[in-house]
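K.L.:
Structure in structure tokens, see below.
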Amino acid sequence: MSKYGTIPTSSSAGGGAPLGGTSPLDFISRAKARGASALATRRPWRELADVHAIGLPPSLGDAYLRVRANLTHFAMNYAIVVLVVVFLSLLWHPASLIVFLVCMLAWLVLYFLRDEPLVLFGRVVADGYVLAVLAVVTLVLLLLTGATANILSSLLIGLVLVVLHAAVHKSEDNADDEVGRWYAPVPQQPSH
């Protein structure tokens with residue numbers, strides 16, 4: 001029976017053990033599967049760009065609710081938009097672009113594609129610490145490349161684009177996605 005295209009489920013599935021008990025091929029297979037599952041949470045771009053779903057919110061409270069619902073619904077899409085804006089802004093700063101790509105590789109290996117907890121000096125490092133350290137190191141390294149204003153302005157542009165879209169995109173069908181994921185619905189109180 002052929003095992004072509006299958007993803008190994010145990011770390012003893014391969015021959016050599018160069019990457020913590022797994023072969024490089026196993027690591028690549030798991031990385032591909034995790035990347036596909038992460039991108040599966042991405043919503044269709046047509047849904048994001050639907051011009052019929054665009055409309056000004058009637059009040060500031062409604063805008064807040066739309067932003068909250070759309071940030072949940074389109075989270076992966078919005079992350080991709082911000083990363084593309086930052087990437088495009090770094091095209092004119094090759095040193096920053098190289099640092100950005102190296103940091104992205106570190107994020108992939110140390111955070112996104114890990115199967116087992118990170119262990120340093122015999123102690124397990126919590127994911128929150130890994131996330132915080134990677135974020136600080138990435139930001140500091142990018143700022144040291146001399147493109148500080150460029151990076152901060154591209155992050156601000158990406159953030160403005162995301163919040164603006166989230167505020168004007170009607171999210172009636174998205175509200176159900178947020179229930180149970182971020183909060184529990186409040187039951188209606190009977191009126192006396």
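Using the three backbone atoms N, Cα and C, a Cβ is placed for every residue, glycine included.
Okay, so TrEMBL annotates it like this:
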{"type": "TRANSMEM", "residues": "74-91", "note": "transmembrane segment"}
{"type": "TRANSMEM", "residues": "97-113", "note": "transmembrane segment"}
{"type": "TRANSMEM", "residues": "125-145", "note": "transmembrane segment"}
{"type": "TRANSMEM", "residues": "151-168", "note": "transmembrane segment"}
K.L.:
Cβ pairs under 8 Å only, please: of the recorded stretches 97-113, 125-145, 151-168, which one is richest in them relative to the transmembrane segment (74-91)?
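P.N.:
Looking at each of 97-113, 125-145, 151-168 in turn, the most contacts to the transmembrane segment (74-91) are made by 151-168.
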K.L.:
So if I exclude everything within five residues of the ends of the transmembrane segment (125-145), which remaining residues of that chain have a CB under 8 angstroms from its CBs? That is, six or more out.
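P.N.:
For the transmembrane segment (125-145), the nonlocal Cβ contacts are 93, 95-96, 99-100, 103, 106-107, 110-111, 117-119, 151.
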